[in-house]
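> Found this in Swiss-Prot, in case it helps:
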SIGNAL    1-16  signal peptide
TOPO_DOM  17-251  topological domain 'Extracellular'
REGION    33-115  region 'CDR4'
DISULFID  Cys37-Cys104  disulfide bond
REGION    40-45  region 'CDR1'
DISULFID  Cys49-Cys58  disulfide bond
REGION    59-70  region 'CDR2'
REGION    106-115  region 'CDR3'
REGION    166-204  region 'Disordered'
SITE      His253  site 'Receptor capping'
TOPO_DOM  273-390  topological domain 'Cytoplasmic'
REGION    293-348  region 'Disordered'
COMPBIAS  293-311  compositional bias 'Low complexity'
COMPBIAS  325-334  compositional bias 'Low complexity'
COMPBIAS  335-346  compositional bias 'Pro residues'
SITE      Tyr366  site 'Receptor-mediated endocytosis'
SITE      Tyr385  site 'Receptor-mediated endocytosis'
Amino acid sequence: MDFWLWPLYFLPVSGALRILPEVKVEGELGGSVTIKCPLPEMHVRIYLCREMAGSGTCGTVVSTTNFIKAEYKGRVTLKQYPRKNLFLVEVTQLTESDSGVYACGAGMNTDRGKTQKVTLNVHSEYEPSWEEQPMPETPKWFHLPYLFQMPAYASSSKFVTRVTTPAQRGKVPPVHHSSPTTQITHRPRVSRASSVAGDKPRTFLPSTTASKISALEGLLKPQTPSYNHHTRLHRQRALDYGSQSGREGQGFHILIPTILGLFLLALLGLVVKRAVERRKALSRRARRLAVRMRALESSQRPRGSPRPRSQNNIYSACPRRARGADAAGTGEAPVPGPGAPLPPAPLQVSESPWLHAPSLKTSCEYVSLYHQPAAMMEDSDSDDYINVPA
């Protein structure tokens, strides 16, 4: 067998394994229900089928080909609403055997064209399952402190469900049955408008007015008793659930901002810590760089030590004068002949300062002391000599 034929064998299986959207519908015994189904864009056969428990196949209940199953003749109608993209199937005079699994679909093949799964549950009006169900209690660890608790909501016991049977719909005044122990009161059916204003005193209308109102209600097609009953129960459960979820939601509304605030504080602390560490690292690098620059400058200086200078010598800071000038001054003196007498001893002047002399100012002015030779110091009378003792 060719391999390309194998996917054809899995087509029915894939259609059976497709997950369909499921809708649950509940109805009262003897009442009616309306099932909403999606309407395809193409003009094809649409139907409502019921799944058989034994074989698993889906048998057609009603379709657009004017087919109605024998069990539902006179009790089921199918209407199309193209503008809303849906079609409605209304089933009246419900019985307990009508409970089961239904499916909406489109196409000629009933088993493969399913678009929606519908579960119908038919029950009596006084079934115990319709009593108020207690809400599950929240765990003790989830209870909020006293400061964060919300005020208690109204108790759900204030809502009283009134159920009537089809046999009691024609009776207007209430009938009281007395007994030695208990008292049971059967109340007539109350419409939605009268249930809202239930605290007001009741007024009974004349028979002519009642007949006119009944005729008007017949023209306007009032809602079925099952629908009204479902509406009241659904509203009651929604209020109970809303009060419970409101208390739980209040705790989450307080807990979430607290966690976010702590998370933001932790992030801010990390950012500040990183900034401080970076600043410290930059300061350490700057210090190390300064130390390296100082060491580099000291290593580049010449290592030859300067000539030590005496602190007491005032001329140590002045540069030395070249000796060429002194040589030039001494070279002008005439040299005495061999027969000439020796010149007298030159005048010796002590260069040491006097004791009473004030301290000399340090300056770079040069003081030149020239010793004039004896030949230059002679007068016209060469025989006169002046001897200065040393």
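For all residues, glycine too, the Cβ spot is worked out from N, Cα and C.
So that I understand the layout, could you describe where these features sit and how close they are to other parts?
Around the Cβ of Cys104 (disulfide bond), a 10 Å sphere holds 25 further Cβ atoms from the protein chains shown. Taken residue by residue with DSSP, Cys104 (disulfide bond) is part of a strand.
Packing against the region 'CDR1' (40-45) from elsewhere in the chain are residues 63-65, 85, 106-108, 115: each is 6 or more residues past its ends and has a CB under 8 Å from a CB in it.
Annotation note: Cys49 (disulfide bond) sits in a strand segment as assigned by DSSP.
The list of residues near the region 'CDR2' (59-70) in space but at least 6 beyond its ends in sequence, with Cβ under 8 angstroms from a Cβ of it, reads 45-52, 76-78, 80, 89, 102, 110.
Packing against the region 'CDR3' (106-115) from elsewhere in the chain are residues 12, 15, 20, 37-40, 42, 44-47, 49, 57-60: each is 6 or more residues past its ends and has a CB under 8 Å from a CB in it.
When other Cβ atoms within 10 Å of the Cβ of His253 (site 'Receptor capping') are tallied across all protein chains shown, the result is 10.
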> By a simple count, how many Cβ atoms lie within 10 Å of the Cβ of Cys58 (disulfide bond), its own Cβ left out?
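Around the Cβ of Cys58 (disulfide bond), 21 other Cβ atoms lie within 10 Å.
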> Give me the count of other Cβ atoms within 10 A of the Cβ belonging to Cys37 (disulfide bond).
23
> As a quick check of your reading of DSSP, tell me how many residues in the region 'CDR4' (33-115) are helical, how many are strand and how many are coil.
9 helix, 40 strand, 34 coil
> Using C-alpha positions only, work out which of the recorded positions Cys37, Cys104, His253 is nearest to Cys58 (disulfide bond).
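Closest recorded candidate to Cys58 (disulfide bond) by Cα: Cys104.
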> Mean pLDDT over the topological domain 'Extracellular' (17-251): what is the value?
69
> Consider the recorded positions Cys37, Cys104, His253 and say which one has the Cα lying nearest the Cα of Cys49 (disulfide bond).
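Looking at Cα distances from Cys49 (disulfide bond), the smallest one goes to Cys104.
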